[in-house]
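> Structure incoming, see below.
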Amino acid sequence: MITFPHRHLLGIKGLTEQDITLLLDRADEAVKISRQREKKTSSLRGLTQINLFFEASTRTQSSFELAGKRLGADVMNMSVGNSSVKKGETLIDTAMTLNAMHPDVLVVRHSSAGAASLLAQKVSCSVVNAGDGQHEHPTQALLDALTIRRAKGKLSRIIVAICGDVLHSRVARSNILLLNQMGARVRVVAPATLLPAGIAEMGAEVYHSMAEGLKDADVVMMLRLQRERMAGSFVPSVREYFHYYGLDAEKLKAAKDDALVMHPGPMNRGVEIASEIADGPQSVIEQQVEMGVAVRMAVMETLLLSQNQGPRV
């Protein structure tokens with residue numbers, strides 16, 4: 001019996017330490033399934049999952065699709081480029097049309113913050129936020145946490161340095177919320193132009209120097225420089241950005257010798273991270289991809305099979 005008090009996964013905000021631990025523990029079990037020769041189960045047989053992606057995302061959409069299929073669900077990927085959205089249909093109209101088909105879960109990625117929450121108010125099925133604007137990306141934070149926990153054995157009392165384009169990063173926001181909830185010490189390292197207002201109030205220590213921000217860090221999480229979201233000149237040049245904030249062997253020396261190197265992908269090699277580091281022995285970037293499928297399996301199972309009879313919001 002699964003007991004989970006939420007009908008949707010719209011963000012890390014609102015999840016308790018117990019909620020997060022339950023999802024991570026179930027994801028650990030999903031890792032075992034994914035490593036078996038026979039990877040498919042029947043736990044979600046007869047249930048329908050629709051992936052509705054308004055932003056291109058090869059790895060996240062593929063991960064959600066694989067997660068659903070490994071659990072035995074019927075999975076439909078809706079291509080927005082070929083849909084009625086291109087003909088002027090609104091987000092709500094599209095959601096209501098899909099809702100009329102009686103899916104069990106709707107996985108949504110959208111460029112507008114709050115899009116997933118809006119849909120959750122309109123549809124009768126569960127909604128999973130696969131990224132909404134610069135707001136949140138909860139499954140990414142969960143897979144990052146799972147990667148760290150499996151490597152370090154814990155999340156509490158570790159130092160995690162999140163470096164780069166924090167301003168435009170929903171990944172950073174979700175990770176800060178989750179890591180604080182689980183008792184980690186979180187730092188953000190970035191130029192002032194790439195930090196959002198109020199970042200310290202979210203529970204992150206702010207640094208503008210990689211040498212200081214990475215000192216004794218257990219985990220170094222690099223963020224992609226999101227040039228497609230930038231309307232102004234946030235950095236003088238890519239070359240200068242890498243000089244000061246790109247992770248190379250010299251900068252990594254400030255962290256602990258066994259520090260993990262992470263990146264949510266896709267990477268800009270030579271911009272936020274050097275290839276020698278991305279492909280080096282401390283990198284767990286490939287493990288993050290593997291954990292992504294496991295976490296999304298855990299989320300789908302937990303939301304759809306929860307036997308909790310209390311209020312589910």
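Positions of Cβ are set from backbone N, Cα and C atoms, glycine also.
The model shown is predicted, which means the values in this text are computed figures rather than measured ones.
Found this in Swiss-Prot, in case it helps:
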- R59, T60, R109, H137, Q140, G265, P266: carbamoyl phosphate binding site (BINDING)
- K87, R170, R224: L-aspartate binding site (BINDING)
> For H137 (carbamoyl phosphate binding site), what is the tally of other C-beta atoms lying within 10 angstroms of its C-beta?
27
> Go through G265, P266, the listed binding-site residues, and name the one with the sparsest Cβ surroundings, counting other Cβ atoms within 10 Å.
P266
> Just going by other Cβ atoms within 10 Å, which of the binding-site residues R59, R109, R170, R224 has the emptiest spot?
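Least crowded of the binding-site residues R59, R109, R170, R224, by Cβ count within 10 Å, is R59.
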> Measure from the Cα of R170 (L-aspartate binding site) to the Cα of every one of the binding-site residues R59, H137, Q140, G265, P266, then give the nearest.
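Nearest listed residue in space: H137.
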> To see if you understand the setup: which same-chain residues, six or more apart in sequence, place their Cβ under 8 Å from that of T60 (carbamoyl phosphate binding site)?
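In sequence order, F53, R109, A130, G131, T139, Q140, G292 meet the Cβ cut-off.
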> Taking DSSP three-state, what's R224 (L-aspartate binding site) in: helix, strand or coil?
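It is coil.
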> Can you tell me how far the Cα of R59 (carbamoyl phosphate binding site) sits from the Cα of R224 (L-aspartate binding site), in Å?
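R59 (carbamoyl phosphate binding site) to R224 (L-aspartate binding site), Cα-Cα distance: 15 Å.
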> In the three-state scheme derived from DSSP, which category covers R109 (carbamoyl phosphate binding site)?
strand
> With the carbamoyl phosphate site defined by R59, T60, R109, H137, Q140, G265, P266, which remaining residues of that chain have Cβ atoms positioned within 8 Å of the Cβ centroid?
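Surrounding the site, in chain order, are S57, S63, A130, G131, V171, P264, G292.
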> So if I draw a 10 Å sphere around the Cβ of Q140 (carbamoyl phosphate binding site), how many other Cβ atoms end up inside it?
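Result for Q140 (carbamoyl phosphate binding site): 26 neighbouring Cβ atoms inside 10 Å.
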> Calculate the distance in Å between the alpha carbons (Cα) of R224 (L-aspartate binding site) and G265 (carbamoyl phosphate binding site), and round it to a whole number.
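Computed Cα spacing between R224 (L-aspartate binding site) and G265 (carbamoyl phosphate binding site) is 7 Å.
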> Where does H137 (carbamoyl phosphate binding site) sit in DSSP terms: helix, strand, or coil?
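H137 (carbamoyl phosphate binding site) sits in coil per DSSP, no helix or strand.
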